[in-house]
Amino acid sequence: MPEKGYLCNVVMTFNTEQQQVIEATGGCHLVLAPPGCGKTAVLAERIVWAHEHGEEFADMACLTFTNRASRGMKERIYERMGNVKGLDALFVGNVHRFCSRFLFENGIVPEHTAVIDNDTSFSIMADFLGEDELKVLGDNKDRQRYSQILNLQHLMYQCEHRYPSKLMVHRDAMQPSALKELCIAFRLPYTQDSSITLYHQASLFLDEHALLSREAAALLLSLNAARQYELYKLQNDLMDFEDLLLKTYDILVLYDANDSHHAEQVEAHPIKKLKWLQIDEVQDLNPLQLAIIDGFTDTEATVVYLGDTQQAIFSFMGAQTDTLTLLKERCGEGHFHNFFVNYRSPQYLLDVFNQYGEQQLGIAHDLLPSTQNKTEKQVGDLQFLEADTNVDEANIVAHEVRRIYEQYPDDTVAVIVAFNSDADDVSGALQTLPHFKISGIDCFSTPEVRLLLAHLSVVSMEQNFIAWSHLFTGLHVYTSNSASRQFVRQVMELALSPVDFLDYEGSTYLSEFVKVYEKQDVVVFDTETTGLNVFEDDVVQIAAVKVRQGRVIEELNIFIETERTIPEMLGEVVNPLVEEYAAQPHLSHQEALQRFVDFSRGCAILGHNATYDYQIMEHNMQRYAPDLSMYRIWPSYFDSLKMARLLRPRLKSYKLKDLLVQLGLEGHNSHLANDDILATNSLMIYCYDRARSIVGRQQEFIRRHQKTIDRFRHLYADLYQHSRSRLYVQSGITPLSAELQYTFDYLRDIGRIGHMPKLPYIIRYIEQELISSASGLSLVDQLHRHIQDLTTMKEADLCGASSMTDRVFVSTVHKAKGLEFDHVIVYDAVEGKYPSVYADTESGGQEEARKFYVAISRARKRLTISFCHNSITRWGRIYPKQLTRYMASIRQFFA
């Protein structure tokens, strides 16, 4: 008898195989889950079941391959469980985000380190190679060449750090024959150590002008570019996505080895082992990612791997086809599960998929899924379209898409293509029919979207080197990303921020602080509160000291009545405020706030992470003492957190307790406000001493770059100050989407951005998919929660969302993976595309067969295959074409 779970108010029924996986505990389990088998519902139900049976959310993790999959998983979990206490501690995301969280939360990398995408990496490399970055970014062949340089840099890092051979996922980035030739030319032994020597000294070897073949010369140039790229990242505190994996793996190796030479580093970053994991799309993970997952897994953990051999199409990212076989051996007898029931496809479609799987992919007959959907096949449900030429084919397919669009007004239809150029042809043939194209350069990688998101990023986090660089380029202050990066780096090396140019004319944040410190009394203050919500929580302690040139001249320490609960724990630490609060007399809110104002009036105010204290004090005043206002009495304030970030930009943590240790300062960060202000005063004095020595050089820099700064201020000050002013305004509308729209309108009006046809899709996605009740009602909360989601989004994320209003899609196979459509047309199913002309190895051919399976299995109701007999090139030449070999096993199903 099937067992039942509940999704919202809808009863879900799970079959026996699914229920076994839901209740799987102890050891490793492998689940083969083909498309349409209800996998996502099972994964969400596993979390519910595990938590109900004692697993803590903080000990659990759900790892996915894509951001889209993780967002879908989060939505399903919240639908199933609601906002249950502690759910935020459950990690749901891909391996890169997991590593990022580990590295930053543990202070392993400097806090302001920027994570860069491939386009930024390519832009940096274009500098070293002396090439036009815009041409590189727009040319697929150049992008592939730069991808190989990127892979080469990571390979050389692994060689230098003696990674096991099986974890070197980009060995194809270096041709052995070319390496051997370089070793001979430069009189080096043919060894791994010699490859490292060539990498580190590539620029010197280039100067020797040795007589080399084209391949060897290209490798030497690539080694030089890769090395320059690595040095640039180190100098500018940048990491790319692969670096997140490599740095995390390095820490895991140190931890497991318990290396005495690195004992201090290991002790500082203890590894929290997970007791419960589920890893989805495991066939698409590479060996390095799997090794990292193993490193975080407790020896007694329950681990469930879910995969599908028929959809393994990401070998170019290092995934290996034997992963599932190895995992099956690891899991052992009794821990191997198959989902045999397909809940999505009608029988006539499943027959196609199963026959293809059995005859083309070698799937055992007894492992093929079945379905209870016996909907009878109608005319056109499985069809075959033939054309004479590729031009005819595009027009015939476009005509068929229009017919489906008109005949089935509630259905979606997708044309799945092999190459970006095919997508362009089909899109052109569709003409006026509304459609969404997912191919080529992703809209989230375009300069326009990057400019919009760069603005939101710096509003959210001021110390964002790459985002500021994008802004200087996008605003046309500089004409290239290279020049923008160079300027912003100079700014930050002088403890400046581009915000200085927007807030001051001829001065800076640190200059103003030095003037105030020397001429005015400064009140250093701190608060303790009932929580972190500045709009709703109460201030229950205010402590302050009045400081004159570093000397404390007066003190204030008061406790305030509240009806809200003071948290007993601060993370894993007992909250000392609970005991102290109970022992002290309490003032009313109005009296306490007035006491602070009377104590501090006429002085400058400063705190550590002062924005939080400033805002929660303001909102407490609005509720309890409306005649008072932080905004009115102190329109500006100083923050020792910001000053520390400016003056010491490469520290790994800026928490007050960590700064005291890193900078060797007096004080104690006890989480009692009266202790914390004394520690903050020590930090303020330190910042003054360092700031005093640099403000002169800041002024000189401003004088030398006055025209650039004036132009930047003229173009951007109004927009930045508008968005900053909206941060702490609660709104009934969605502030994040409203600010994105405002930003677009502003930049369009000043001529820095043009028509963006996909912006409405992004706006709708934010409003209908991204924002939830947990996102908050203010711009600051929504940015804090979702800016990383936005900056890592891809076009395909929009397509699977309910906010998508288009019904017609044109997509490449790789970008369509994970999506479903009512009608699918696999376009130009010919040799040279399936398999690709570039797939010349046996394993490549097998992956191409799986790629064709992914294409056809996107269909929910109807599947059409199209092809043409002849291809006409742009120069008018005609070449014959043949139907793909992969149709041989299923041709009989199609009319």
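A Cβ is built for glycine as well, from the same backbone N, Cα and C atoms used for every other residue.
Taken from TrEMBL, the feature domain 'UvrD-like helicase ATP-binding' applies to 12-346.
In the three-state DSSP scheme, A33 (ATP binding site) is classed as coil. Within the same chain, residues at least 6 positions away in sequence whose Cβ sits under 8 Å from that of A33 (ATP binding site) are K39, V42, L306, G307, D308, F339. The ATP binding site annotation in TrEMBL covers A33, P34, P35, G36, C37, G38, K39, T40.
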Check: same-chain CB within 8 A of ATP site center, minus A33, P34, P35, G36, C37, G38, K39, T40: F339, N342, Y343, R344
List nothing but the one residue from P34, C37, T40 whose Cβ has the fewest other Cβ atoms within 10 Å; the candidates are the binding-site residues. T40
A correct count of other C-beta atoms within 10 Å of the C-beta of G36 (ATP binding site) gives 21
Provide the three-state secondary structure of G38 (ATP binding site) computed with DSSP. coil
Would you mind checking how many other C-beta atoms are within 10 angstroms of the C-beta on P35 (ATP binding site)? 22
Same chain, |i - j| six or more, Cβ under 8 Å of G38 (ATP binding site); the result in sequence order is F14, Q18, F339, V341, Y343
For K39 (ATP binding site), list the number of other Cβ atoms lying within 10 Å of its Cβ atom. 19
